[in-house]
Amino acid sequence: MQNMVILGATGSIGRSTLSVIAQNPDAYRAWALVAHASVDKMLELCLQFRPRFAHMVDSVAAMELQQKLSPELGVEVTTGEQALCELVSASEVDTVMAAIVGAAGLVPTLAAVKAGKRVLLANKEALVMSGELFINEMQRSGATLLPVDSEHNAIFQCLPLSVQQSIGRCDLDAAGISHILLTGSGGPFLTSPLESLQHMTPAQACKHPNWSMGPKISVDSATMMNKGLEFIEARWLFNTGLDELKVVIHPQSVIHSMVQYRDGSVLAQMGNPDMRTPIAHCMAYPERIAAGVEPLDFFKVGQLSFFEPDFRRFPCLALAMEACRLGQEATTVLNAANEIAVAAFLQGRIGFSRIAAINEACLGQLSLQRQDSLEAILALDASARRMAESEIDRQAQA
Ligand code: NAD
Ligand code: MG
């Protein structure tokens, strides 16, 4: 029996994880559930999964949950950053699903890494912000890192065992690998006229053709910043040089990414676009369990197509690749600016095309000095957020 902590339990990845646990109740237990502020969703999960702990990041939400939970259920409610870090590090815990959205996931995810847990990483922003620090801590503690993001999970599945066992420090060249091919659907605006992009609404941006996801990652898929963040994520997970990574647009989302070998072979991982597959893969690795996902029917799939990305359509992808080249400080700034810009777009404060403009302005403004402590990274994140907010105001007045 593996005891799991689920960071971001009420979100899209959190609920998919709980669905895989529900299908394999003899092997996994939801020992602790963590969410931000949605009391009713958390209450429902507590009734269904009866975790030992329910943690609400928002302290008022924690009080409300406490009042609504019957004591007979035996669920202890906690709040506060220290309590959260203690939860993920507790000796009872085997596995931590890191599925909080955005930079907010960094501190608890890093705490799980430092405690040497088996960490299933969905929260790509944590790795984008902390890169080298994250990999160093992993090395130091002996934590196991398994990639949940469907592309990185696909790549992981296509790698030889020796590389799988040295995530973060692997040598692709020695394993005969020439390229990693990161596939992406191109999102909902792949074929929309370029002039129409500036008028796209949050509802249109969140309507992904293949995947059902939380709002932030859905907007990131529409700008292809998501693929940019994944480019940076891949750089750290697979220790790649930037010219070893290629982005390939593949609108059907059947192939989830590929690995190209020196001898001309290309290995791909395929499946229906359902996050329960990579989640179940990470939970059971190196074994396999049922995920509740429909088997892929090739006769229904029909055609698979592939294109090169158009950077005029997707300037955020180009910005992320540039930030990756500049280094970890640039990726921290870009990630923070993007979170602020996406939130402003979702609130109707800025238009869709402004997201890239805000990101570009912030990336160009900050002086990037080497930051190698968690405190310095968090401070840089905070100043990039302030800069993005003032850039939003400045551009609104211009
Ligand atoms: P979501 O918006 O559906 O859920 C977010 C979860 O994080 C919720 O449980 C929420 O309570 C929690 N949360 C939000 N703010 C928080 C804060 N300040 N502190 C603590 N918890 C907070 O998001 P999602 O789509 O499930 O995505 C979660 C992560 O997984 C993201 O990093 C995303 O990039 C990544 N991811 C998601 C998918 C997908 O299919 N949804 C695929 C690959 C990777
Ligand atoms: Mg992905």
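Note that Cβ sites are derived from N, Cα and C of the backbone, with glycine treated the same way.
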Open item on the list: According to TrEMBL, K124, S150, E151, H208, S221, N226, K227, E230 bind 1-deoxy-D-xylulose 5-phosphate; which one of S91, S178, S185, S265 is annotated to that same site?
Closed with: S185
Task: Identity of the NADPH-site residue among G187, G214, G228 (reference: T10, G11, S12, I13, N123, E125, source: TrEMBL) - done: G214
TODO: Please list residues from the chain of D149 (Mn(2+) binding site) whose Cβ is under 8 angstroms from its Cβ, counting only those at least six apart in sequence.
DONE: L121, A122, K124, E230, E233, P278
TODO: Could you tell me which of the binding-site residues S12, N123, D149, E151, H208 have their C-beta within a distance under 6 angstroms of some atom of ligand 2?
DONE: D149, E151
- [ ] Return the single residue from the binding-site residues list (T10, S12, N123, N226) that has the minimum number of other CB atoms within 10 Å.
- [x] S12
- [ ] Determine, to the nearest whole angstrom, how far the Cα atom of N226 (1-deoxy-D-xylulose 5-phosphate binding site) is from the Cα atom of E125 (NADPH binding site).
- [x] 10
TODO: Taking ligand 1 as the reference, state which of the binding-site residues S12, K124, H208, G214 have a Cβ closer than 6 Å to one of its atoms.
DONE: S12, K124, G214
